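Pulled from TrEMBL, these are the features on record:
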- 200-219: transmembrane segment (TRANSMEM)
- 270-289: transmembrane segment (TRANSMEM)
- 335-354: transmembrane segment (TRANSMEM)
- 361-388: transmembrane segment (TRANSMEM)
- 394-416: transmembrane segment (TRANSMEM)
- 437-461: transmembrane segment (TRANSMEM)
- 467-492: transmembrane segment (TRANSMEM)
Amino acid sequence: MVLKVFFPSCCSLADSGILIGRWISEQNSAVILAVVHFPFIPVQVKQYLGEVQRVTKVGVSVLGSWSNSKQEKEESLSEFLEDLGTIFCHEPWIQISKEGDSKFWSCSTLRKHSKNPPEEEIILVYYDQRKVMLSHLHPPLDTAGQRAEDASKLSAIFDTVARSQVLFMTDRYDEGPIKLTHWQSDGVEASIIVELMKQASVPACMLLTFLLSLLSGICRSRVLKFWPLSFLWSKLSTCEQLGHRLQHLQIISSNKKAQNQNQLMRKANIFVSLLIDVALGILLMSWLYRKNRIGHLADTLIPVADHVAEELQDLLQWLMGAPAGLKMNRALDQVLGRFFLYHIHLWISYIHLLSPFIEMILWYVGLSACLGLTVALCILSDIIALLTFHIYCFYVYGARLYCLKIYGLSSLWRLFRGKKWNVLRQRVDSCSYDLDQLFIGTLLFTILLFLLPTTALYYLVFTLLRLLVVIVQGLIHLLVDLIDSLPLYSLILRICRSYRLAAGVKFRVLEQQDGKPLRLLMQINPLSYRGVVQMYRLPTYSCYPRDSWASLCKKLFLGELIYPWKHKGEKQN
């Protein structure tokens, strides 16, 4: 039978006394939490342990005795420590002693109430009490069988130390009748700055909660649910990002206490993400307003828009001729080309009409960077969408015309085979057609078939242009999602204090000798960086379509519209 004793390394130099901890009978293990020094009164020790049990809900008791022979050399000490077992009545009574300057330790058990005590193999495991208490154990997600049982055993040990935090609030400078040795014996670990921030955060959170509730009430008002405003709110990524950040602020400023470690880490990740986002936005704003960069950007924007329009005009002139030596339908080619050229003319007029106000618009847009870098990136995405609206219109016109011809040809092809589409049953059924229907169907099929190459060429060109804009917007939104979802606090914690995110433990052999207890050192294995991101990743507001290449090619062939992203609650066409 193996008895495991988990001993805190901070108590290895403590004066002689009694061991306080929790006995886990299911694992035949003892978790030592502190050492009570002499002199003490047993009744006061029992009262103190009763108060600790009432507060922490942990079965803390006196488990045995600790003898440091370097400090105490009286021969009667060992007999006195054995007699304490009759006062506190714990079975088994654990006796740990250190042999002077030797590195060897002795550990034995005493069972007074059993006539034939079984022979026990004792394993003495040292652990860092501070790291175990401050760490949060993350068992593997795919635990099964023996791994799940081992994870539950470790969780019991980590939970015992974490829930006994009240026991560690007394240090050796307290004037009470009981003197303890634990990881905070030299003084409670605290920070004056942290305590002042905690006191100041209460009124700040109350004020922020009131302002956010007022703002959220305005956002939920019926005025914003009417068609123009609701349409803009659902389509502009800036509005979506502002709503997303508003939810984050409500979570941070909530006075509701976190129920578990995961909720606490989520709040901390949101706070750090918001803080870094605003800091990067302020840096961007300070860079924009230096050396009149806003004016230079406004002066560059109009020539760039004119150059893009000229390139589109040249492209349409090329398509209206004989592109790549292809023979197009002359009449349809001229109609489509002039139609798109007229739209470009309208677009150029629209840009020049706004040219006097572009610098002022950019100046006010630059101020929005103080709300965060993600808000500035979303505004940039919306500006790109507005500046390329004519390309989007060309794509929609070409896609709808191409889609109409594809579906028309497929329907007429079923007519040749004596089939038709049953709308009610959503299937293809047999059908008999007369001669007139077949003749008209043949004429329409021939016309659509010969007009298809011209339409397909325009559709292909404008689809490529649209995909280029979609890729740029997609990269911007990927950067926004990266800033929104990356658990920065957890990653910083993983770099600076990796023991706070524990994935498990490992044991290193310190001493192994016949007749002596096996001494092990328990070390914490931190979570991997990938595990930290997967476990604490924050949700984002946009859902990128997870279409396969086959699905994307099918949509392109059938002329279905492609959007750079789809928001929650929307279905992609």
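Each residue, glycine too, has its Cβ placed from N, Cα and C.
The transmembrane segment (361-388) makes contact with the transmembrane segment (270-289), as judged by at least three Cβ pairs under 8 Å among residues 6 or more apart in sequence.
Contact count against the transmembrane segment (394-416) (Cβ pairs under 8 Å) is highest for 437-461, out of 270-289, 335-354, 437-461. Panel annotation: around the transmembrane segment (335-354), residues 302, 305-306, 309, 312-313, 316-317, 319-320, 361, 389-390, 393-394, 397, 454-455, 458 of the same chain, lying at least six beyond its termini, place a Cβ under 8 Å from a Cβ of the stretch.
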